[in-house]
Amino acid sequence: MDSASSNPSSDVKLVNGANGAVLEDVPHVTDWLPDLPTYANPLKHNPAYVAVKQYFVDEDAMVAKDIVVTLKTPGEGIHFRRAGPREQIYFKADEVRACIVTCGGLCPGLNTVIREIVCGLWTQYGVRDILGIEAGYKGFYSRNTRPLNPKVVNDIHKRGGTILGTSRGGSDINKIVSSIVDRGINQVYIIGGDGTQKGVNAIYEEIRKRGVKVAVAGIPKTIDNDIAVIDKSFGFDSAVEEAQRAIDAAHTEAESAENGVGLVKLMGRYTGYIAMYATLASRDVDCCLIPEVPFYLEGKGGLYSFVEKRLRENGHLVLVVAEGAGQELMAQSFKETGGLDASGNKLLMDVGQWLCSKLKDHFTEKKEIINLKYIDPTYMIRAIRSNASDNVYCTLLAHSAIHGAMAGYTGFTVGPVNNRHAYIPIHRVTEKQRHVNITDRMWARLLSSTNQPDFLKYDKVMDAKRKKEAASTPAESPPASIGTVGGEHTATPENGIPRGVGLSGVTENLG
């Protein structure tokens, strides 16, 4: 890397390299404390690392954001600093006072991350002063801390939830930073979703403003797998695996009854990754509904006609729906939208219960019998212990965060990018959410597996429905979830995601 530039407005550190490569770097404590001394990394003398050929990550080691390139443009694009231990560190073990906090909803693997941060600091760097902050962000100033050591956390990875407790909201940045400074904490490890990561950035900025030597590291957490840039979120594999139990139960119930219908609602507020992967893994699902693909009920190509057809053919049907799907349809039905929770997320209406009611009413009108069983395993899935795959992944996340903080990096989040762990600027994981790309081959594989409707006539069906409602009630205002563009009403999903937005953020025309 040969030249550096910075963007004062967003505090992004950019370093230009050869062949069009650009390093998007993370902050470092020496950005505001340039004369800090460095210390030899004790890992060099750690017996566990004796056989390792290369102890430390080279400072020029980068991870490419995109690995699919052309022969004409190799090396171009954004790169991130590779995670791992550095030869020189900026904290002595006996000077470190670290703290760990978990925020937001539950997710398989939280306890594993906590355990591995504690054990990694203790065994790899010799840190002996580690605190747990209870009950999320507000725990910094309204709850007591608890000391953590390898004995305390020895078997917590075998349990779901978080031993530290969690909460939403409560991010009073001034109070949090004042508590950090007053307690003498100089390493902060924060585990949480995109809202929590925004808090990580705000805490880092306030610490920098006060000019104190504190490293702040974020570990991204979301069971929905909707954090951008990183390959996947911890807990996702465990969630998909557990979702299989619910789908298996729904399938057993459905095929054992006359005209049996098994309906399973899975997590996925804004994105359908869990529903999609659980459907692909199951092969027993007849239809999967996700927030990125609006669906309709009546008419040709609608859900009702598909359910009728599949029941005639097979005698049973399994339907999987993500919790964020169908919000616009429900908003129109109820003429209302939800509010916000403590984290600023929109409160969703229950699409599972609504679909149950709609399907039952439809078949009652047709004087046909269906035996519908509804399963909502949401909180059971969130609360389970992590599986083997997630346990290994959580260990890597924790160790990468430790190595980064000890090396003086701060205001960063950590995660795998193209199977290599990297230190990622926080704005990269908070500026937008990750969505299922419905123009990608993975969604095509699902459609091929289920043979479900593609709902391509959604726009025409909804437009006809709106015109019919407008004709019957001309003085009535459009529902709150319907926007107006160029004098015509256009459907905008309740969760704010435009129809058909793929991973690239390009809106696809579904009409």
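Cβ coordinates come from backbone N, Cα and C, glycine included.
So that you can see what the record holds, here are the features copied from TrEMBL:
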DOMAIN    98-403  domain 'Phosphofructokinase'
BINDING   G105, R168, G169, G193, D194, G195, T196  ATP binding site
BINDING   D194  Mg(2+) binding site
SITE      G195  site 'Important for substrate specificity'
ACT_SITE  D224  active site, proton acceptor
REGION    467-511  region 'Disordered'
COMPBIAS  471-481  compositional bias 'Low complexity'
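What TrEMBL annotates, mapped onto the structure for a quick look.
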residue: G105; record: ATP binding site; contacts (Cβ under 8 Å, 6+ apart): T166, R168, G193, I223, R382
residue: D194; record: ATP binding site; contacts (Cβ under 8 Å, 6+ apart): P220, T222, D226, I227, V429, T430, Q433
residue: T196; record: ATP binding site; contacts (Cβ under 8 Å, 6+ apart): C103, G104, Y137, I190, G218, K221
residue: D224; record: active site, proton acceptor; contacts (Cβ under 8 Å, 6+ apart): S233, F236, M267, G268, R269, Y270, T271, Y273, I274
Most crowded position, judged by CB atoms within 10 A, among G169, G193 as binding-site residues: G193
Span of G105, R168, G169, G193, D194, G195, T196 around ATP - largest C-alpha separation, Å: 12
CB contacts for R168 (ATP binding site) [other CB atoms within 10 A, all chains]: 20
